């Protein structure tokens, strides 16, 4: 840790960063657990996020998993000729929370407005969308309209606004048939 602090890398905003006195370890079968050296306890859930994790995939090429005389798992890097108790796959863990599903669904940059509104009914709702004649505004307006909302397109150019309305109505008509 002193080397990281010296390099100015000791403070990150990663949600997976462990509090001081904690260590991340793995079992023989790939489950991640956390050791609290301050209280001398272990637990399956990450101390900050509450998530359970497991190792994804096999050991990298040239690595081997062994067990010492005390039953402690260690890893041998045959290519670089070194041994470590730190599992090289820890950088590639996956969340495993079957008992604790998240209430919020997360979306990324490739998620469409139609995917976000999937299964929702906006009948009787009024929605105002700015910049609705192109881009994200158009896709948002179209999605709300196709999900039953009364959509008001707030646009600077009336000609483009009317073209957007025509395109949305054209798509709505094709979904009704």
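First residue shown is number 1, and so on along the chain.
Using N, Cα and C of the backbone, Cβ positions are placed for all residues, glycine too.
TrEMBL annotations: computationally assigned, not manually curated.
Keep in mind that what you see is a predicted model, and the values were worked out from it rather than measured.
The domain 'WW' feature in TrEMBL is assigned to 16-49, 57-90. Taken from TrEMBL, the feature region 'Disordered' covers 1-24.
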Can you give me the average pLDDT across the domain 'WW' (16-49), rounded to a whole number?
86
Please list, for the domain 'WW' (57-90), how many residues fall into helix, strand and coil according to DSSP.
3 helix, 13 strand, 18 coil
Same-chain residues at least 6 beyond the ends of the domain 'WW' (57-90) whose Cβ lies under 8 Å from its Cβ atoms:
24-28, 30, 32
From the DSSP assignment alone, can you count helix, strand and coil residues within the domain 'WW' (16-49)?
0 helix, 14 strand, 20 coil
